[in-house]
Amino acid sequence: MQFVLLGFSDLPNLQGFLFTVFSVVYIIILIGNFLIIVITSMDPALQKPMYFFLANFSSLEICYVSVTVPRILFNIEMQDRSISVMSCAVQLCFFLIFGTTECLLLAVMSYDRYVAICNPLHYILIMNPTKCTHLAVSSWLGGIPVQIGQTCQIFSLHFCNSNQIDHFFCDIPPILKLACGDTSVQELSVYVVVMVLAALPFILVLTSYSKIIATILRLPTAKGRAKAFSTCSSHLLVVVLFYGSATVTYLRPKSMHSPGTDKLLSLFYTIVTPMFNPLIYSLRNKEVIDALKRLFFKA
C-alpha cells in the first residue's frame, strides 16, 4: 500500500516557482546554521555554554528541515507524489523526534539564560561542560522512545478512507483523517504526548523567563538591563515562533483541521522558523556578529 502526498498539486502553474523557493530556502537554512556551527566551534570567544547549546540547536535545525524539504523538492521535480507506508512512517517518526528535541533544547537554553542572569556568580560552576553535555544528550534522546511508540500506534490503524494525504509531508493530523473508524484513542494519545513533551518544556521556558525578567527589572542601570535582555530576546523570539505555530497545529480538535490551514501552519514551524533562526541569533547578538567578521575578514 502506498500513500500519495498531494502537497501543492492544487497549484499546477506554480510548480517551478515553488521548487525554486523551497530550494533557495533550504540552501539558506543549511548555510546559515552551518556557519553558526563553525563559528561556535572554532571561535575562542564563543566557547561558552550558551553557544554550545546554540551549535546543537543549529545542528538540529539542519536535521529537522532535512526530514521534509528534500521530499518536497523530489515530489515537485519528479511529479511523483507516491510514498510507501514504511517511508511515510519513518518520515513521521524522525519529524516527531526532532520536534521533541527542539522543545527540550529550547527549555534547556532558557535554563542556561536563567542561570546566567539570575545566578551569575555560580554560572560556570553550575553550567559546567559535563552538565551541558548531559543536558544536550538528554534533549536529543529524550523523545525517541515515546515518538517511536506513537508512530507505531498511528500506523497500526487501518486506512480505508483514501490513500491521499492532503499535506506536503507525513504528519499526524492528515494521516488520522485517512483512518477507518474511531481514532479518539490516538487523538487523546497525541494530546497527552504534546502536553508532556511540548507543554511542560514550554512551562519551564515561561518560568525561567518570568524569573529572568524580574531579575532584569531589578538591575540598577538602564544599560545593564538592556545588555541582560539582549542576550535573551533572540531565544525568546524563537520560542514564541516555534511553540505558537506548533501548538495550534497539534492541540486543535480533528474537526477543526483544514488542509489549507494545516499546510500554512506547518510551513511556518517546519521551514520558515528554521530559516529565520540563524538571522535572529546572529543579527541580535554582537558576539556572533564579531565572530562572523573574524571568520570572513581575519586576513
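Keep in mind that glycine also has a Cβ here, set from the backbone N, Cα and C atoms.
What TrEMBL records for 32-281 is domain 'G-protein coupled receptors family 1 profile'. Sequence annotations record features per position, and here TrEMBL assigns transmembrane segment to 16-39, 51-73, 85-111, 188-207, 228-252, 264-283.
Long-range neighbours of the transmembrane segment (16-39) within the same chain, counting only residues 6 or more positions beyond its ends whose Cβ lies under 8 Å from a Cβ of the stretch, are 8, 46, 54-55, 58-59, 61-62, 65, 69-70, 72-73, 76-77, 271, 274-275, 277-279, 281-282, 288, 291-292, 295.
With a threshold of 8 Å between CB atoms, the same-chain residues lying at least 6 positions outside the transmembrane segment (51-73) that come near it are 5, 7, 19, 22-23, 25-26, 29-30, 32-34, 36-37, 40-41, 83, 91, 94-95, 98-99, 101-102, 105-106, 108-109, 112, 132, 135-136, 139-140, 168-169, 270-271, 274, 277-278, 281, 287.
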